[in-house]
Amino acid sequence: MDLSELERDNTGRCRLSSPVPPVCLKEPCVLGVDEAGRGPVLGPMVYAICYCPLSRLEDLEALKVADSKTLSESERDRLFAKMEEDKDFVGWALDVLSPNLISTSMLGRVKYNLNALSHDTATGLVQFALDQGVNVAQVFVDTVGLPETYQERLQQRFPGIEVTVKAKADALYPVVSAASICAKVARDRAVKNWKFVEKLPDLDTDYGSGYPNDPKTKAWLRKHVDPVFGFPQFVRFSWRTAQSILESEAEDVMWEDSETGNQEGPGKIKSYFSESPQSCPRLPHRYFQERGLKSATVL
């Protein structure tokens, strides 16, 4: 699994895929869809599909694939390596969505919520398989939202394919379990090898679980919040946990059309640019470094 494209630019999204097994171009195939990293406040969300001929489904089951959440990291890596060895009948594809893309989508002028983003990403991957020539006959999906509504939408989008959407599909259907493993392996590697574009002093890579209720994750967020520019792009700043920390730890902003008043002093955005004997030294934010900007002490 080559994540070099994501490592070069982790601000948007990238799609990875295996070669399509020739048998999957000819024989009717079953395809599973699942994701990893939907809930965390840190790191990307990864959607994955895995597919194989219906005639080889028992061979996929023989690998003893299971819901990735029930497996250790080493077990997931072993099973993914085994699927790679069986590339003569197993194929997969991934869509890696960066934290920056997720948050800017959710907080844009036209709101694009996480469910809609998830549905569109899953639909896009099924269409990708079809565009690659995979003879998809059946699709199994782990639901996001109401399974009946989701299934109806997918069935309308792909009328020639038998679509099944279920809660806990990753524990019910081996082909969804396989997709779950692909997604989790990709997310784990993306998080572990994340390239921070920000120059963070004393960067701590012990993030905890990455979930919003994890005390270690919350501590990491507080440590690495910039008082003006907020969080590194590793953080989903649209999550409520991140927003709460911004409200308590970052500087306030006074807009021109806001009520006027005393805007000086600590807690105001001007204080970020002022130097005082009490202020702690810090590296300039990358916004200033990239533009060659320095503080002007004398005009």
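Just so it is clear, glycine is given a Cβ too, placed from its N, Cα and C backbone atoms.
Fair warning: this is a prediction, and the values are worked out from it, not measured in the lab.
Now, the feature entries from TrEMBL:
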type    : residues             : note
BINDING : Asp34, Glu35, Asp142 : divalent metal cation binding site
DOMAIN  : 28-251               : domain 'RNase H type-2'
REGION  : 252-278              : region 'Disordered'
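Of all the binding-site residues given, namely Asp34, Glu35, Asp142, the one with the smallest number of surrounding CB atoms inside 10 A is Glu35. Within 8 A of the CB centroid of the divalent metal cation site residues Asp34, Glu35, Asp142, the other residues of that chain are Val33, Ala36, Tyr47, Ala48, Ala122, Val141, Val144, Ala169, Asp170, Val176, Ala179, Ser180, Ala183.
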